[in-house]
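Structure, as C-alpha coordinates:
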Amino acid sequence: MNPYVRAIITSGLILGPIITMSSNHWITAWCGLEMNSLTMIPLIANKYQPRAIEASTKYFLTQAMASYLMLSAALMNMWYYGQWDMQLLTDNISCTTMTVAMSIKLAAAPFHFWFPEVLQGATVLTALLLTTWQKLAPLTILVQCSQNLDTTLLIALGMTSILIGGWGGLNQTQIRKIMAFSSIAHLGWMYAILTLSPKILLLTFYLYVAMTATTFLMINVLQTNNMSAIMISWTKTPFMNTMMLLNLMSLAGLPPLTGFAPKWLILQEFTKQRLSMFASMMITSSLLSLYFYLRMSYYTIITLPPTTCNYPLQWRLMTNIHTALATITPLATALMPLLPTLKAIP
(Lines of atoms letter the chains of each structure in order from A and count residues from 1; the text may use other names and numbers.)
(Lines give C-alpha, C1' and ligand atoms only; values in the text may rest on other atoms or scores of the structure.)
Protein backbone atom coordinates (compact mmCIF):
# COMPACT_ATOMS: atom_id res chain seq x y z
CA MET A 1 0.00 0.00 0.00
CA ASN A 2 1.18 3.50 -0.81
CA PRO A 3 2.62 5.24 2.29
CA TYR A 4 0.46 8.33 1.75
CA VAL A 5 -2.68 6.22 1.44
CA ARG A 6 -1.69 4.30 4.57
CA ALA A 7 -1.21 7.56 6.46
CA ILE A 8 -4.67 8.79 5.41
CA ILE A 9 -6.29 5.48 6.39
CA THR A 10 -4.50 5.42 9.75
CA SER A 11 -5.56 9.00 10.47
CA GLY A 12 -9.17 8.15 9.64
CA LEU A 13 -9.11 5.06 11.84
CA ILE A 14 -7.81 7.07 14.79
CA LEU A 15 -9.87 10.23 14.33
CA GLY A 16 -13.21 8.55 13.55
CA PRO A 17 -13.83 6.94 16.97
CA ILE A 18 -12.31 9.94 18.76
CA ILE A 19 -14.76 12.30 17.02
CA THR A 20 -17.68 10.02 17.91
CA MET A 21 -16.61 9.60 21.54
CA SER A 22 -16.06 13.33 22.08
CA SER A 23 -19.24 14.54 20.36
CA ASN A 24 -22.61 15.34 21.90
CA HIS A 25 -24.44 15.94 18.60
CA TRP A 26 -25.90 13.19 16.44
CA ILE A 27 -24.55 14.57 13.15
CA THR A 28 -21.00 14.81 14.50
CA ALA A 29 -21.22 11.28 15.90
CA TRP A 30 -22.51 10.04 12.55
CA CYS A 31 -19.60 11.71 10.73
CA GLY A 32 -17.11 9.98 13.02
CA LEU A 33 -18.74 6.60 12.43
CA GLU A 34 -18.72 7.12 8.65
CA MET A 35 -15.07 8.14 8.68
CA ASN A 36 -14.28 5.03 10.68
CA SER A 37 -16.24 2.72 8.37
CA LEU A 38 -14.95 4.15 5.09
CA THR A 39 -11.31 3.79 6.13
CA MET A 40 -11.84 0.11 6.93
CA ILE A 41 -13.08 -0.79 3.43
CA PRO A 42 -9.67 -0.47 1.66
CA LEU A 43 -8.02 -2.37 4.51
CA ILE A 44 -10.41 -5.30 4.08
CA ALA A 45 -10.03 -5.28 0.27
CA ASN A 46 -6.25 -4.88 0.42
CA LYS A 47 -5.53 -8.51 -0.54
CA TYR A 48 -7.07 -8.04 -4.02
CA GLN A 49 -8.74 -11.45 -3.84
CA PRO A 50 -12.38 -12.29 -4.62
CA ARG A 51 -13.08 -13.22 -1.00
CA ALA A 52 -11.59 -9.93 0.24
CA ILE A 53 -13.59 -7.89 -2.28
CA GLU A 54 -16.75 -9.75 -1.27
CA ALA A 55 -16.01 -9.11 2.41
CA SER A 56 -15.46 -5.39 1.83
CA THR A 57 -18.73 -5.16 -0.14
CA LYS A 58 -20.67 -6.89 2.66
CA TYR A 59 -19.06 -4.60 5.21
CA PHE A 60 -19.97 -1.48 3.21
CA LEU A 61 -23.61 -2.50 2.69
CA THR A 62 -24.24 -3.42 6.33
CA GLN A 63 -22.53 -0.29 7.67
CA ALA A 64 -24.49 1.88 5.23
CA MET A 65 -27.77 0.32 6.36
CA ALA A 66 -26.84 0.84 10.02
CA SER A 67 -25.91 4.47 9.37
CA TYR A 68 -29.25 5.03 7.64
CA LEU A 69 -31.11 3.65 10.66
CA MET A 70 -29.01 5.77 13.00
CA LEU A 71 -29.81 8.96 11.11
CA SER A 72 -33.48 7.98 10.96
CA ALA A 73 -33.59 7.55 14.74
CA ALA A 74 -31.87 10.90 15.31
CA LEU A 75 -34.22 12.68 12.88
CA MET A 76 -37.33 11.15 14.47
CA ASN A 77 -36.19 12.27 17.91
CA MET A 78 -35.44 15.76 16.61
CA TRP A 79 -38.83 15.92 14.85
CA TYR A 80 -40.79 15.07 18.00
CA TYR A 81 -38.69 16.78 20.67
CA GLY A 82 -36.46 19.26 18.79
CA GLN A 83 -33.27 17.86 20.31
CA TRP A 84 -30.00 16.80 18.64
CA ASP A 85 -28.39 16.01 22.00
CA MET A 86 -27.24 12.37 22.17
CA GLN A 87 -28.21 12.02 25.83
CA LEU A 88 -31.79 13.20 25.18
CA LEU A 89 -32.92 10.31 23.00
CA THR A 90 -36.34 9.98 24.65
CA ASP A 91 -38.65 8.75 21.88
CA ASN A 92 -39.35 5.01 22.24
CA ILE A 93 -39.28 4.29 18.50
CA SER A 94 -36.05 6.27 18.15
CA CYS A 95 -34.46 4.33 21.03
CA THR A 96 -35.40 0.99 19.47
CA THR A 97 -34.18 2.07 16.02
CA MET A 98 -30.89 3.32 17.48
CA THR A 99 -30.41 0.03 19.34
CA VAL A 100 -30.94 -1.92 16.12
CA ALA A 101 -28.55 0.37 14.20
CA MET A 102 -25.76 -0.02 16.74
CA SER A 103 -26.43 -3.77 16.93
CA ILE A 104 -25.85 -4.04 13.18
CA LYS A 105 -22.60 -2.09 13.47
CA LEU A 106 -21.45 -4.20 16.42
CA ALA A 107 -22.63 -7.50 14.85
CA ALA A 108 -24.86 -8.43 17.78
CA ALA A 109 -27.21 -11.36 17.16
CA PRO A 110 -29.54 -11.60 15.29
CA PHE A 111 -27.80 -8.92 13.17
CA HIS A 112 -24.52 -10.83 13.02
CA PHE A 113 -24.95 -12.32 9.53
CA TRP A 114 -22.13 -10.29 7.95
CA PHE A 115 -19.46 -10.55 10.64
CA PRO A 116 -18.00 -14.10 10.29
CA GLU A 117 -17.74 -13.82 6.49
CA VAL A 118 -16.07 -10.41 6.65
CA LEU A 119 -13.52 -11.62 9.19
CA GLN A 120 -12.79 -14.70 7.10
CA GLY A 121 -12.13 -12.53 4.03
CA ALA A 122 -9.88 -10.06 5.85
CA THR A 123 -6.30 -10.47 7.00
CA VAL A 124 -5.51 -11.36 10.61
CA LEU A 125 -4.52 -7.82 11.61
CA THR A 126 -7.57 -6.34 9.87
CA ALA A 127 -9.74 -8.86 11.71
CA LEU A 128 -8.09 -7.65 14.92
CA LEU A 129 -9.20 -4.09 14.14
CA LEU A 130 -12.73 -5.23 13.29
CA THR A 131 -13.16 -7.11 16.57
CA THR A 132 -11.64 -4.46 18.85
CA TRP A 133 -11.13 -0.88 17.65
CA GLN A 134 -14.18 -0.77 15.38
CA LYS A 135 -16.51 -1.61 18.28
CA LEU A 136 -15.38 1.31 20.42
CA ALA A 137 -17.42 4.10 18.78
CA PRO A 138 -20.81 2.27 18.60
CA LEU A 139 -20.43 1.10 22.20
CA THR A 140 -19.71 4.67 23.26
CA ILE A 141 -22.97 5.81 21.63
CA LEU A 142 -24.89 3.08 23.45
CA VAL A 143 -23.30 4.07 26.77
CA GLN A 144 -24.27 7.72 26.26
CA CYS A 145 -27.87 6.70 25.53
CA SER A 146 -28.00 3.93 28.15
CA GLN A 147 -30.38 5.77 30.51
CA ASN A 148 -33.10 5.87 27.84
CA LEU A 149 -32.68 2.43 26.24
CA ASP A 150 -34.98 -0.51 26.86
CA THR A 151 -33.39 -2.87 29.39
CA THR A 152 -35.55 -5.84 28.37
CA LEU A 153 -34.59 -5.47 24.70
CA LEU A 154 -30.89 -5.23 25.51
CA ILE A 155 -30.97 -8.27 27.79
CA ALA A 156 -32.82 -10.21 25.08
CA LEU A 157 -30.24 -9.20 22.47
CA GLY A 158 -27.44 -10.05 24.89
CA MET A 159 -28.76 -13.53 25.66
CA THR A 160 -29.37 -14.16 21.94
CA SER A 161 -25.80 -13.11 21.16
CA ILE A 162 -24.35 -15.37 23.86
CA LEU A 163 -26.37 -18.32 22.58
CA ILE A 164 -25.73 -17.78 18.85
CA GLY A 165 -22.08 -16.91 19.45
CA GLY A 166 -21.54 -20.21 21.22
CA TRP A 167 -23.73 -22.23 18.87
CA GLY A 168 -22.18 -20.83 15.69
CA GLY A 169 -18.61 -21.56 16.74
CA LEU A 170 -19.14 -25.25 17.48
CA ASN A 171 -18.58 -26.69 13.99
CA GLN A 172 -16.08 -24.12 12.72
CA THR A 173 -12.55 -25.10 11.69
CA GLN A 174 -11.37 -21.65 10.55
CA ILE A 175 -9.86 -19.73 13.47
CA ARG A 176 -11.03 -16.31 12.27
CA LYS A 177 -14.63 -17.49 12.11
CA ILE A 178 -14.28 -18.96 15.60
CA MET A 179 -13.00 -15.60 16.84
CA ALA A 180 -15.93 -13.89 15.10
CA PHE A 181 -18.46 -15.98 17.00
CA SER A 182 -16.38 -15.48 20.16
CA SER A 183 -16.70 -11.73 19.65
CA ILE A 184 -20.48 -12.07 19.24
CA ALA A 185 -20.71 -14.05 22.48
CA HIS A 186 -18.64 -11.51 24.43
CA LEU A 187 -20.74 -8.70 23.01
CA GLY A 188 -23.79 -10.42 24.47
CA TRP A 189 -22.37 -10.03 27.98
CA MET A 190 -21.76 -6.32 27.31
CA TYR A 191 -25.30 -5.82 26.03
CA ALA A 192 -26.78 -7.54 29.06
CA ILE A 193 -25.05 -5.21 31.52
CA LEU A 194 -25.37 -2.01 29.43
CA THR A 195 -28.26 -0.31 31.23
CA LEU A 196 -27.58 -1.87 34.63
CA SER A 197 -23.95 -0.74 34.96
CA PRO A 198 -22.16 1.08 32.10
CA LYS A 199 -18.99 1.13 34.22
CA ILE A 200 -18.84 -2.69 34.26
CA LEU A 201 -19.53 -2.68 30.51
CA LEU A 202 -16.48 -0.51 29.83
CA LEU A 203 -14.30 -2.69 32.06
CA THR A 204 -15.59 -5.78 30.24
CA PHE A 205 -14.80 -4.20 26.88
CA TYR A 206 -11.25 -3.23 27.87
CA LEU A 207 -10.48 -6.73 29.11
CA TYR A 208 -12.10 -8.23 26.01
CA VAL A 209 -9.85 -6.05 23.82
CA ALA A 210 -6.74 -7.24 25.68
CA MET A 211 -7.68 -10.92 25.36
CA THR A 212 -8.77 -10.71 21.72
CA ALA A 213 -5.75 -8.66 20.65
CA THR A 214 -3.44 -11.18 22.30
CA THR A 215 -5.13 -14.06 20.48
CA PHE A 216 -4.99 -12.41 17.06
CA LEU A 217 -1.36 -11.36 17.49
CA MET A 218 -0.44 -14.92 18.43
CA ILE A 219 -2.33 -16.23 15.40
CA ASN A 220 -0.44 -13.75 13.22
CA VAL A 221 2.93 -14.83 14.61
CA LEU A 222 2.16 -18.56 14.41
CA GLN A 223 0.64 -18.21 10.90
CA THR A 224 -2.27 -20.50 11.76
CA ASN A 225 -5.58 -20.07 9.97
CA ASN A 226 -7.35 -23.35 10.79
CA MET A 227 -7.38 -26.19 13.28
CA SER A 228 -5.04 -28.44 11.31
CA ALA A 229 -2.40 -25.69 11.14
CA ILE A 230 -2.61 -24.93 14.84
CA MET A 231 -1.52 -28.49 15.68
CA ILE A 232 1.89 -28.10 14.01
CA SER A 233 2.50 -24.62 15.44
CA TRP A 234 3.77 -26.21 18.67
CA THR A 235 6.90 -27.37 16.84
CA LYS A 236 7.76 -23.76 15.94
CA THR A 237 7.21 -21.81 19.16
CA PRO A 238 6.44 -24.07 22.15
CA PHE A 239 6.31 -21.27 24.72
CA MET A 240 3.91 -19.15 22.67
CA ASN A 241 1.61 -22.13 22.28
CA THR A 242 1.52 -22.46 26.06
CA MET A 243 0.55 -18.80 26.36
CA MET A 244 -2.05 -19.37 23.63
CA LEU A 245 -3.59 -22.07 25.82
CA LEU A 246 -3.80 -19.72 28.80
CA ASN A 247 -5.27 -16.94 26.68
CA LEU A 248 -7.95 -19.24 25.25
CA MET A 249 -8.87 -20.33 28.75
CA SER A 250 -9.08 -16.66 29.72
CA LEU A 251 -11.42 -15.99 26.79
CA ALA A 252 -13.54 -18.90 28.00
CA GLY A 253 -13.86 -17.19 31.38
CA LEU A 254 -12.22 -19.83 33.55
CA PRO A 255 -10.85 -18.74 36.95
CA PRO A 256 -8.34 -17.53 38.03
CA LEU A 257 -7.62 -15.93 34.64
CA THR A 258 -8.57 -12.42 33.51
CA GLY A 259 -11.64 -13.44 31.51
CA PHE A 260 -13.43 -14.65 34.64
CA ALA A 261 -13.43 -11.16 36.22
CA PRO A 262 -15.97 -9.37 33.96
CA LYS A 263 -18.36 -12.33 33.95
CA TRP A 264 -18.18 -12.49 37.73
CA LEU A 265 -18.99 -8.78 38.02
CA ILE A 266 -21.87 -9.03 35.54
CA LEU A 267 -23.42 -12.02 37.31
CA GLN A 268 -22.99 -10.26 40.65
CA GLU A 269 -24.82 -7.20 39.31
CA PHE A 270 -27.62 -9.36 37.89
CA THR A 271 -28.03 -11.01 41.29
CA LYS A 272 -28.23 -7.61 43.00
CA GLN A 273 -30.95 -6.56 40.55
CA ARG A 274 -32.90 -9.79 41.28
CA LEU A 275 -32.37 -11.14 37.78
CA SER A 276 -31.00 -14.50 38.86
CA MET A 277 -32.98 -16.39 36.21
CA PHE A 278 -31.36 -14.40 33.40
CA ALA A 279 -27.95 -14.87 35.01
CA SER A 280 -28.47 -18.64 35.09
CA MET A 281 -29.51 -18.65 31.44
CA MET A 282 -26.42 -16.65 30.47
CA ILE A 283 -24.12 -19.04 32.32
CA THR A 284 -25.75 -22.04 30.67
CA SER A 285 -25.50 -20.48 27.20
CA SER A 286 -21.82 -19.65 27.70
CA LEU A 287 -21.06 -23.38 28.06
CA LEU A 288 -21.33 -23.62 24.27
CA SER A 289 -18.49 -21.11 23.92
CA LEU A 290 -16.49 -23.01 26.51
CA TYR A 291 -16.64 -26.12 24.34
CA PHE A 292 -15.00 -24.62 21.27
CA TYR A 293 -12.40 -22.82 23.39
CA LEU A 294 -11.51 -26.16 24.96
CA ARG A 295 -11.36 -27.74 21.51
CA MET A 296 -8.94 -25.06 20.30
CA SER A 297 -6.86 -25.52 23.44
CA TYR A 298 -6.76 -29.27 22.86
CA TYR A 299 -5.47 -28.79 19.32
CA THR A 300 -3.02 -26.12 20.46
CA ILE A 301 -1.04 -27.87 23.15
CA ILE A 302 -2.19 -31.43 23.74
CA THR A 303 -2.12 -33.02 20.27
CA LEU A 304 0.70 -33.57 17.80
CA PRO A 305 0.38 -34.33 14.09
CA PRO A 306 1.53 -37.74 12.80
CA THR A 307 5.31 -37.67 12.30
CA THR A 308 8.03 -40.21 11.54
CA CYS A 309 10.71 -38.21 13.35
CA ASN A 310 11.80 -39.29 16.81
CA TYR A 311 12.30 -35.66 17.77
CA PRO A 312 9.16 -33.62 16.99
CA LEU A 313 10.69 -30.13 17.43
CA GLN A 314 11.44 -28.70 13.98
CA TRP A 315 14.49 -26.71 12.99
CA ARG A 316 13.60 -23.04 12.70
CA LEU A 317 15.08 -19.59 12.40
CA MET A 318 15.24 -17.26 15.37
CA THR A 319 11.88 -15.49 15.62
CA ASN A 320 11.48 -11.75 16.00
CA ILE A 321 10.84 -10.14 19.36
CA HIS A 322 7.19 -9.06 19.60
CA THR A 323 7.04 -6.24 22.12
CA ALA A 324 3.30 -5.54 21.81
CA LEU A 325 2.43 -9.19 22.30
CA ALA A 326 4.70 -9.47 25.33
CA THR A 327 3.06 -6.37 26.81
CA ILE A 328 -0.60 -7.33 26.52
CA THR A 329 -0.29 -11.07 27.24
CA PRO A 330 -0.06 -10.53 31.05
CA LEU A 331 -3.09 -8.22 30.82
CA ALA A 332 -5.07 -10.94 29.05
CA THR A 333 -4.24 -13.68 31.54
CA ALA A 334 -3.19 -12.35 34.94
CA LEU A 335 -5.40 -9.38 35.90
CA MET A 336 -7.79 -11.35 38.09
CA PRO A 337 -5.95 -10.52 41.38
CA LEU A 338 -6.30 -6.82 40.54
CA LEU A 339 -10.09 -7.02 40.21
CA PRO A 340 -10.88 -4.97 43.39
CA THR A 341 -8.55 -2.21 42.17
CA LEU A 342 -10.06 -2.21 38.68
CA LYS A 343 -13.58 -2.09 40.11
CA ALA A 344 -12.68 0.87 42.34
CA ILE A 345 -11.50 3.01 39.42
CA PRO A 346 -14.14 5.75 38.86
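The backbone N, Cα and C atoms fix where each Cβ goes, glycine too.
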Check your understanding: Any idea which of 130-150, 151-171 is down as transmembrane segment in Swiss-Prot?
Key -> 151-171
**Study point:** Same-chain residues near the transmembrane segment (275-294), Cβ under 8 Å, at least 6 residues beyond its ends
**Key:** 155, 158-159, 162-163, 165-167, 169-170, 172, 178, 181-182, 185, 188-189, 192, 248-249, 251-254, 263, 266-267
Point to revise | Criterion met for the transmembrane segment (178-198) and the transmembrane segment (93-115) (at least three Cβ pairs under 8 Å) | key: yes
Study note, to complete from the structure: Under 8 Å Cβ-Cβ from the transmembrane segment (325-345), and at least six residues away from its ends along the same chain, one finds 203, 207, 210-211, 213-215, 217-218, 221, 243, 246-247, 250, 255-258, 260-261, 264-265
